[in-house]
Amino acid sequence: MANINSNDIEINSLEMLNEFLSATDNSENAFYISSVPEICKTSPCVLGIDEAGRGPVLGPMVYGTSFCPVEKSEILKKLECADSKDLTEEKRDVIFSNILNSLDTVGWAVEVISPNTICNNMLKRAKYSLNAVSMDSAIGLIRAAEAAGVNIEHIYVDTVGKPEKYQAYLLSIFPQYKITVAKKADSTYPIVSAASICAKVTRDHALQIWKFQEGLDLTHKDFGSGYPGDPVTKKFLAEYCDLVFGFPQLVRFSWSTASNVLDKAAYHVEWEDPEEEKSEIPADTTSITSFFKVVPPKSLHTKKRKRHEYFTQRCLSNQVEF
């Protein structure tokens, strides 16, 4: 699950959503769950799950959930919950605000999955696919609702991959619940529509208040929607590709749209095959890695060496000790 403790803030307005997102580290995941209405702890509830931002080359992917008592599910129609993709940004904000004003009946939660997390998972040696990231996030949201005391009866999920296979997988983990996984669940089940709106509004606002750790003075209007076909997004990728380090952390390096730009614009790097047979090294030869070993200070009063701003400004950190 995520690294941010949602208990530090109560989101009851769009302004508070922005405050929560502003307090998070863009390079890490963030999680928030609302207070659970008392009626959701005693009455059987429906719980919906959907995502926003699966396809874009920029920004986080957000998984959202919403839950309410079965007996009160008519409130979702009154709130005008519908598939977030069919609504304007302004309308989504209005409906989300209405959900925040109905927290005596409806609860919600989101996981903001950072571009950095997505890339690292998809590019590492033991690949962790986007489908796997998505499923694990959905499972995490269900478990978070359970832990918060939601009396879940039926779970509705917008599918990732084949719905029958995904549904069987979720039932193997949560056999105590009724589970429906379907294509276009966000336009079929109002509780999934509500989850879709929570996810989409959170992603929209995460992009609107995005702070570049690389020091770029840009707004969301400078990089567009993040979808590969957006001309503004294409222009941003072309103009903000560093020859050595590539893109800011807003960009998903693992997307072909980004890697194609890197192939054309950035310096070419050749990686040696780790399985390649090593040649014999004379016994008296000093290993090159020995020059990078950390030597313990001779005295406790030795001043700690400060990292060069070249590395701190680019958010670079040590991952492997030689």
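Positions of Cβ are set from backbone N, Cα and C atoms, glycine also.
Per TrEMBL, the features are:
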type    : residues       : note
DOMAIN  : 44-267         : domain 'RNase H type-2'
BINDING : D50, E51, D158 : divalent metal cation binding site
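Within the same chain, residues at least 6 positions away in sequence whose Cβ sits under 8 Å from that of E51 (divalent metal cation binding site) are M61, V62, Y63, G64, S134, S137, D158, A199. Every protein chain considered, the tally of other Cβ atoms within 10 Å of the Cβ of D158 (divalent metal cation binding site) stands at 27.
Compute the center of the Cβ atoms of D50, E51, D158, which mark the site for divalent metal cation; besides them, the chain residues with Cβ within 8 Å of that center are I49, A52, Y63, G64, V157, A185, D186, V192, A195, S196, A199. For the domain 'RNase H type-2' (44-267), the model gives a mean pLDDT of 94. Same-chain residues at least 6 positions away in sequence with a Cβ under 8 Å from that of D50 (divalent metal cation binding site) are, in sequence order, Y63, G64, S84, V157, D158, A185, D186, V192, S193, A195, S196, A199.
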